[in-house]
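Novice: After the structure tokens below, expect a handful of questions from me.
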């Protein structure tokens, strides 16, 4: 197409959300002229499914659960008055608690005020709060934020070392919907150890966000933690940013959670429009479907041209891939659905993997995120009449053009700024696009059986390790190979796992296992110290 023809296509297919000053440009997607009309019946089904979900229908049939994250920013949509009250009461409680913390009425054991926050969580209990904290945070926030978002011992040590003496001024939020997530449990115990090493009572610095009656909830009450805030079974971890999971840390950080909720609410309202060209979430879902033939054949590359949106691709990895990566459809047929997501930020990407995007394997479509506002205040000129922000836009438009010249398709999402309201709207936009796409391809977007399978497999490994350590203690004087030890514990077919576990134990001197090299690495012998 000529530049003039592309301009005409841009105008024809530009989706505008006036209330939010958002636009979605799909002109660089090469869908045929009749595509949107052909997809209309399936899109109508998606609109119907979303409407039923918002009214309280069971939208997660595998777990027989309602899906209510849209109620969090519009409590009046919740199907029961009691739920409406719980939602509004929780937001009010978050505001009140944060105010008491900031004003020193809720204070640490041996300091005048909480100045830092440590968030212990994983998956949706960390990725959403991390995105919000990084996108909206400033050096002037009343509380600075750190995270335990894994079960990596060295990671725990690094964060605790960075906090140092400020741990006495640190409020720890332990976030787990089920209350039994092992990574989060481990992080909590490591945090307790850190506080104890400094002569501090962890319970006087701890808050829980969890389901009522969960293992974590009961532990927090028994230990006398400062407070517990609720998570509900109708809110999934990856869609929990507008629940206490995201709102409590954001409010404690000093961010405008009312604006975050309003942005999400306004985007929800805009994406109830049944004309795809006026509904950015529906149009996104259709473009994903077109790009990958409804089978996820192309990856989604997220290119935000703004440092504050660096974590957007990580957040969307979970939201999109955990929601859409499913083996079977709603009828139980094997479909192996999903869309792979990756990205970084522009223009850093231009000096990293854009080379392959333009000239390598054509297995992706790109999403550019353009932010109109450069910064608070004015910008200096780096060249006559040109600012650094002008360069950023130039690189975005230049990369978009360079990709299109090589038949690489892209979407461009334009937002006014990176504010709480805009971020709330972006989060809601992708939540709803995922919901629409799931209906288009007939899958359940709201469960994650593959995650549970991984947890069960990890449990098997740890049970094997317990058997191994018991056997090593019994045969203290005798060094044995992985093959021999696997046979000793009655698991000869698990010899590779046995070898990996022994290798790990021997590499850590405090674990009580020594390794004697063999002719090959796998012939090494292990024994208890």
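The first residue you see is number 1, and the count goes up from there.
Note: Cβ is positioned from N, Cα and C throughout, glycine not excepted.
What you are looking at is a predicted structure, and each value in this text was computed from that prediction instead of being measured.
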Novice: Can you say which of 490-509, 510-529 is given as region 'Disordered' in Swiss-Prot?
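Specialist: The range carrying the region 'Disordered' annotation in Swiss-Prot is 510-529.
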Novice: Non-local Cβ contacts of residue 322 (active site, proton donor) (under 8 Å, 6 or more apart, same chain)?
Specialist: 123, 238, 448, 451
Novice: Per DSSP, what is the residue tally for the region 'Disordered' (510-529) in helix, strand and coil?
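Specialist: Each residue of the region 'Disordered' (510-529) counted once, the result is 5 helix, 8 strand, 7 coil.
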Novice: Run through the Cβ atoms and count how many others sit within 10 Å of the one on residue 455 (active site).
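Specialist: Cβ-Cβ neighbours of residue 455 (active site) within 10 Å number 12.
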Novice: With Cβ-Cβ distance below 8 Å and at least 6 positions apart along the chain, what are the contacts of residue 351 (active site)? List them in sequence order.
Specialist: none
